[in-house]
Number of protein chains: 2
Amino acid sequence: MLDNLDHFKCLKRGTAGAINIDPLQRGGILTPEAREAILEWADGYSVCDYCTGSLEEIQTPPIKEFVREALPQFLEVDEVRISHGAREGIFAAMHALCQGGETVIADGNAHYTTLLAAELAGLKVELVPASEGPGYRVDPGGYQEAISRARGRGERVAMAVLTYPDGNYGNLVDPKAVSEICTDAGLPLAVNGAYSVGRMPVSAKSLGADVIVGSGHKSMASSGPIGIIGATEELATRIFRRSKLVPKKELEMLGCTLRGAGILTMMASFPAVVERTRRWDEEVEKARWFAGEMERLGMDLQGDQPHGHDLMFFKSEILYEISKTAKKGRYFLYRELKKRNIFGIKPGLTRQFKLSSYQLSREELETVLSAFEEIVSNHPKA
Amino acid sequence: MLDNLDHFKCLKRGTAGAINIDPLQRGGILTPEAREAILEWADGYSVCDYCTGSLEEIQTPPIKEFVREALPQFLEVDEVRISHGAREGIFAAMHALCQGGETVIADGNAHYTTLLAAELAGLKVELVPASEGPGYRVDPGGYQEAISRARGRGERVAMAVLTYPDGNYGNLVDPKAVSEICTDAGLPLAVNGAYSVGRMPVSAKSLGADVIVGSGHKSMASSGPIGIIGATEELATRIFRRSKLVPKKELEMLGCTLRGAGILTMMASFPAVVERTRRWDEEVEKARWFAGEMERLGMDLQGDQPHGHDLMFFKSEILYEISKTAKKGRYFLYRELKKRNIFGIKPGLTRQFKLSSYQLSREELETVLSAFEEIVSNHPKA
């Protein structure tokens with residue numbers, strides 16, 4: 001027992017040199033600076049050499065400046081803390097701002113972790129349904145209806161969440177419109193920016209977000225798990241309140257969160273991340289061009305038209321038809337792409353799948369398009 | 001604004017080649033295998049290439065085998081999950097096993113995060129006081145008294161926590177004795193093994209622990225934040241229960257926790273970690289020898305005598321006296337050690353300080369002892 005463990009030692013990922021089109025992973029690829037940082041700060045508690053009691057107060061390395069100055073400026077929000085990820089930030093906000101038994105409103109395209117966070121905090125969830133495909137749109141007005149429905153049942157509504165964009169279709173709902181409805185209803189709005197913060201320009205102020213969460217490993221070129229949570233001054237007082245039992249420590253984050261290398265990768269990537277958000281228009285243009293080419297091959301882009309994000313969801317009856325008779329069945333697409341050194345579409349999917357063009361060059365995307373073209377045209381069923 | 005960010009890019013830790021005696025950091029230094037793993041798996045969501053819906057079910061890399069087989073064997077416990085750290089594991093257990101308003105019993109030497117976790121879960125805490133110095137001992141019988149006190153006030157007692165060893169003195173309370181009291185009282189016992197799991201042999205079964213948490217970055221040569229939580233089958237059903245809203249996902253951990261490189265560093269270090277726990281006797285013997293030498297220099301070891309752990313707390317009136325007239329005052333010790341390339345005693349401390357001899361060679365410890373000897377003898381006040 002426990003005698004043959006050597007196979008845990010030198011595990012390789014095996015995707016070196018591949019074109020990765022996984023939306024989950026495109027925004028989390030480390031910059032060269034972050035790769036240096038992760039080795040330098042790899043050891044446990046490395047960031048705590050000069051700790052004075054709180055992660056966000058550490059000056060060597062300059063975590064304090066990063067969290068207290070750089071991130072609030074970047075997000076145009078009063079206060080920021082480092083979390084274990086976007087989901088943990090959403091939970092912290094719900095747990096701090098709502099009472100058990102109350103209701104939160106969320107968009108029908110919300111990430112599953114929004115539901116989990118609410119359930120873990122003892123809250124009910126009222127969803128704003130998305131429209132039928134191919135749009136899968138969430139209408140901001142639906143927030144008003146959802147609030148009315150819940151209140152009509154006598155529930156106390158405590159908070160609203162908007163996923164911006166959602167992680168299925170890359171749809172962007174007008175946050176300002178949602179925010180106005182929430183303000184009128186007296187509800188704080190938390191924006192889940194796991195797929196926007198670090199990819200596109202995001203200003204909590206302009207969005208009308210009272211709380212904003214982002215994901216380092218998803219969109220800020222950081223080694224995860226790591227995320228950020230920002231809040232207005234008023235809500236920050238509640239979310240980042242101090243413990244009564246240990247008054248020096250902030251309660252909701254159990255003192256300190258990112259006691260390791262992840263925060264240094266986020267810092268090391270930050271200059272590049274700021275810069276890339278300024279070139280977001282190019283990413284959107286590239287995504288639209290890519291989607292157009294995919295449609296020419298017979299794939300149907302779902303969600304917003306024109307599309308406003310690098311995350312794209314396609315339906316494809318052609319690939320589905322091929323899969324019915326292909327060797328390896330529904331795994332044929334994964335295998336055909338793998339043969340061409342393209343990764344990131346989940347094994348087994350053909351009829352519908354997600355991908356991302358984020359930070360890929362036109363040449364790399366041409367390679368992906370050629371692969372799809374070949375796969376479709378090589379196969380008798382097509 | 002946000003124009004001058006280059007100083008975040010290439011931050012160095014600046015402790016390369018130093019002898020590090022920080023108890024927080026000694027057990028979290030990566031193995032060479034873990035350093036390879038962290039670079040290989042550094043990118044965000046790298047472990048999710050072949051995700052089938054749950055971190056602990058991933059077979060490539062073999063996280064499933066590690067979490068479902070290797071770790072339960074290592075800890076002699078029924079079920080294990082990966083957490084963000086020991087404190088997050090303690091919170092998960094409290095949140096899952098207790099109802100708001102109930103009381104948890106904890107040892108008076110508990111880490112501050114035990115109090116935070118209880119407060120965050122809406123629980124009261126009844127402490128088992130430690131004795132006066134120099135022993136700072138927690139008597140197992142104190143658990144019975146604490147339970148009686150809380151019950152006497154009409155409180156519902158839901159759980160007990162034992163910190164094994166505590167992080168201040170490195171004291172080891174007889175867990176079996178505490179466990180028997182808890183069993184008789186109908187309470188689950190959670191053992192906080194942040195300073196034991198990965199350093200010394202730990203069997204939840206032998207300890208009588210119903211729940212056990214460990215810290216990867218503190219004691220398992222892992223890049224944090226990362227920890228483990230193990231539980232008996234009965235309690236695992238409650239702590240790792242699935243969500244009602246998203247039935248495929250485990251609720252308490254919000255689906256998946258360690259979606260990044262940390263888990264691969266824990267796996268890569270695991271063979272070495274298993275091996276080093278088998279040589280724990282040597283570590284204890286070394287710690288006792290080191291403490292004896294420090295006492296010869298006039299420092300007073302606090303806590304268990306003879307000492308049973310590498311974490312040692314010393315009081316030193318000599319260094320305190322020196323600090324009163326020394327250049328740099330109470331920072332003189334930090335600076336004198338730094339000059340000799342020894343790190344890990346908090347800047348500003350002289351009268352009392354913690355250090356660890358864990359995984360340091362006799363030669364390195366001789367260097368540390370010589371440094372203290374020089375510092376004491378070079379100074380007129382001594």
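Glycine is treated like the rest: Cβ placed from N, Cα and C.
Taken from TrEMBL as is:
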- A:A86, A:R87, A:N192, A:S215, A:G216, A:H217: pyridoxal 5'-phosphate binding site (BINDING)
- A:K218: N6-(pyridoxal phosphate)lysine (MOD_RES)
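By a Cβ separation below 8 angstroms, chain B lies close to these of the binding-site residues A:A86, A:N192, A:H217: A:H217.
Comparing the binding-site residues A:N192, A:S215 by how many other C-beta atoms lie within 10 angstroms of each C-beta, the top residue is A:S215. Cβ proximity to the pyridoxal 5'-phosphate site centre (mean Cβ of A:A86, A:R87, A:N192, A:S215, A:G216, A:H217, cutoff 8 Å) flags the following additional same-chain residues: A:S83, A:G85, A:E88, A:G89, A:A194, A:V213, A:G214, A:K218, A:S219, A:G224, A:P225, A:G227. Using A:K218 (N6-(pyridoxal phosphate)lysine) as the reference Cα, a 10 A cut-off selects A:A86 from the binding-site residues A:A86, A:R87, A:N192.
Packing around A:K218 (N6-(pyridoxal phosphate)lysine) is summarised by its Cβ count: 31 other Cβ atoms lie within 10 angstroms of its Cβ, all protein chains included. A:S215 (pyridoxal 5'-phosphate binding site) falls within a strand when secondary structure is assigned with DSSP. It is A:R87, among the binding-site residues A:R87, A:H217, whose Cβ has the fewest other Cβ atoms within 10 Å in the structure shown. DSSP assigns A:N192 (pyridoxal 5'-phosphate binding site) to a strand in the three-state reduction. Here the Cβ of A:G216 (pyridoxal 5'-phosphate binding site) has 34 other Cβ atoms within 10 Å, regardless of which shown protein chain they belong to.
Counting only residues at least six positions away in the same chain, the Cβ atoms of A:H111, A:T113, A:N192, A:G193, A:A194, A:V213, A:G214, A:S215, A:K218, A:G227 sit under 8 Å from the Cβ of A:A86 (pyridoxal 5'-phosphate binding site). Residues A:A86, A:R87, A:N192, A:S215, A:G216, A:H217 are the ones the record ties to pyridoxal 5'-phosphate, and the longest Cα gap between any two of them is 14 Å.
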